[in-house]
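Colleague: The structure under discussion is supplied below as structure tokens; questions concerning it will follow.
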Amino acid sequence: MKISRDAYANMYGPTVGDRIRLGDTELWIEIEKDHTHYGEEVVFGGGKVIRDGMGQSQLCSDSVMDTVITNVIIIDWWGIVKADVGLKDGRIVAIGKAGNPDTQPDVDIIIGAGTEIIAGENQILTAGAVDTHVHYICPQQVDEALMSGLTTMIGGGTGPATGSVATTNTPGPWHIGKMMQAVDDLPINIGFLGKGSASTPAALEEQVKAGVMSLKVHEDWAATPATIGNALDVADRYDIQVALHADSLNESGFVKDTLEAFKDRCIHSYHTEGAGGGHAPDIIVACGQPNVLPSSTNPTRPYTINTVDEHLDMLMECHHLDPNIPEDVAFADSRIRRETIAAEDILHDLGAISMISSDSQAMGRIGEVVCRTWQTAHKMRLQRGLLPEDQERGTDNFRVKRYIAKYTINPAITHGVSHEVGSVEIGKMADLVLWRPKFFGVKPSIILKGGMIAGAAMGDPNAAISTPQPVHYRRMFGALGRAVSATRVTFVSQAAMDTGLEEKLGLRSRLVACKNVRSMRKKDMKLNDYCPNITVDPETYEVRVDGVLLTCEPLSELPLAQLYHLF
């Protein structure tokens, strides 16, 4: 029997060779592999396949999946494929062909009476996003994050305190303990950054043992070579990461001095373009270092006609600056440079900047990590055409895989949590996001947290069916009651785990230790490991890679924007 591609896609979703447009961007993907079998696809519904004795087996719960996502398109750093995905005990346990082995061939994901089905036909599945630059200013950020497709937040803060508004630190054992208790019932994975700005180790070590998973060195608290070196010494002892907001004013040294303070050790460089902070005007050269894991924050993503104007007021507010003090205004002006922001776009497209994060409520928007990433990819597709790796296929598969790695696997690797989150891979937590292609990157359909639906675009709860307007993002059952603590984790150091912190603080959520952090290098950043020789002209701020000028024009119109939002 033969069937047209259109008819097949309508029933079972696209297959190998079919192309899909992502939202209203100029990005197109092509299915690389199909794990399902033609003629044996499992579909739920009246008169469909997943019924007793057909696609549903007689096996009990110990042998079948808790949930199967059928015929879904997976986009991840490792590939763009179509498959059935099996979830059990809150984890991804299989990617392949679902069904009933008694009636169908080559089934490796068994459906039974104990299995729930999520129809993935004509939908895209991605890993939940990992945001590694979150200012914990208000708990309501969690809903904004979750409903945009984020499932892990790593950052610091204690609420709208002046220090937290400016810097991503949760300082000291008392605050760390209280914040760990506060997030215990929030439906998202959380990790805390301690205050790393100290020139002796004791005050940092007590924070590591109290529960932080990384240290943050910030210029507002001091980012001197001494504080950087001390934080890295402590990190080396406890196998944790150091995140750096470097010295914008060049008070204690220049970018060369900061790079020397690293002593070739692994470090996460925040907003490495510099508008968010860091040596003016040339912190961006850190992207070329093999030990530096560089990230961007989303307010400069991508470069548009409004980017520069928006930043000045944001900067004054976030860093407690006074517009009546000339030195404060000069400080703000020194950080906002069209030339480095334009170069940042291209460095992302080259794979020289490895991650994108938010800088939530402190110059960035937590609900826009995902959409700003794809807007950047779209801009580069328009301005730079197909990447060399995509020329043969003629679609944007490699570029899409490069960009999705920036907010999933690479931040997870950087902070030592990729054994739990960051990709659609067997054994990891089932923190997954479903998207309809026309809403990809901007409005997810369903957000799963630890295998349970925690958020969704849901219609009127009083309607006869679930789809009528008004459709809002709402918390689902996975975000309520004891299910929350059973499907989320708090990331800590192994040293904190060894103190019995869980029992001491009375936590219900599982604690998970970060690991394999200090051995990471730029070469470990998936599809984003380019280490170019970068120079910045101190007078004109022009950025060059291997002598070639990096520049591009700002866009006046973006996808994934007004078309999808009333406001």
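We number each residue from 1, going along the chain as drawn.
Cβ atoms here come from the backbone N, Cα and C positions, even for glycine.
Pulled these features from Swiss-Prot for this protein:
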type	residues	note
ACT_SITE	His319	active site, proton donor
BINDING	His133, His135, Lys216, Asp359	Ni(2+) 1 binding site
BINDING	Lys216, His245, His271	Ni(2+) 2 binding site
BINDING	His218	substrate binding site
DOMAIN	128-567	domain 'Urease'
MOD_RES	Lys216	N6-carboxylysine
Colleague: For His218 (substrate binding site), which residues of its chain lie six or more apart in sequence with Cβ-Cβ distance below 8 Å?
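Modeller: Within the chain, His218 (substrate binding site) has Cβ neighbours under 8 Å at Ala166, Thr167, Thr168, Asn169, Lys195, Gly196, Ser197, His245, Gly277.
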Colleague: Pick out which of the recorded positions His245, His319 has the most other Cβ atoms within 10 Å of its own Cβ.
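Modeller: Counting Cβ neighbours within 10 Å, the top one is His245.
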Colleague: When you measure from the Cβ of Lys216 (Ni(2+) 1 binding site), how many other Cβ atoms are you left with inside 10 Å?
Modeller: 29
Colleague: How big is the gap, in Å, between the Cα of Lys216 (Ni(2+) 1 binding site) and that of His271 (Ni(2+) 2 binding site), rounded to a whole number?
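Modeller: Lys216 (Ni(2+) 1 binding site) and His271 (Ni(2+) 2 binding site) have their Cα atoms 13 Å apart.
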Colleague: Using the CB centroid of Lys216, His245, His271 as the Ni(2+) 2 site centre, which other residues of the same chain sit with their CB within 8 A?
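Modeller: Once Lys216, His245, His271 are set aside, the remaining close residues are His133, Thr167, Thr168, Val217, His218, Ala243, Leu244, Ala246, Tyr270, Gly276, Gly277, Gly278.
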Colleague: Over the domain 'Urease' (128-567), work out the mean pLDDT and round it to an integer.
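Modeller: Taking every residue of the domain 'Urease' (128-567) together, the mean pLDDT is 96.
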Colleague: Compare the Cα of the residue listed as 'active site, proton donor' against each of the binding-site residues His133, His135, His271 and report the nearest.
Modeller: His135
Colleague: Is it possible to get the count of other C-beta atoms within 10 angstroms of the C-beta of His271 (Ni(2+) 2 binding site)?
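Modeller: Taking every protein chain into account, the count is 28.
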Colleague: Between His271 (Ni(2+) 2 binding site) and His135 (Ni(2+) 1 binding site), what is the CA-CA distance rounded to a whole number of Å?
Modeller: 14
Colleague: Would you say which of the binding-site residues His133, His135 has the most Cβ atoms within 10 Å of its own Cβ?
Modeller: His133
Colleague: Relative to the Cβ of Asp359 (Ni(2+) 1 binding site), which residues of the same chain, six or more apart in sequence, are found under 8 Å away?
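Modeller: Counting only residues 6 or more apart in sequence, the Cβ neighbours of Asp359 (Ni(2+) 1 binding site) under 8 Å are His133, His135, Tyr270, His271, Gly276, Thr297, Asn298, Pro299.
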Colleague: Within 8 Å of the Cβ centre of His133, His135, Lys216, Asp359, which other residues of the chain have their Cβ, at the recorded Ni(2+) 1 site?
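Modeller: Same chain, not in His133, His135, Lys216, Asp359, Cβ within 8 Å: Val134, Gly155, Gly156, Thr167, Thr168, Leu193, Ala243, His245, Tyr270, Thr297, Ser357, Ser358, Ser360, Ala362, Gly364.
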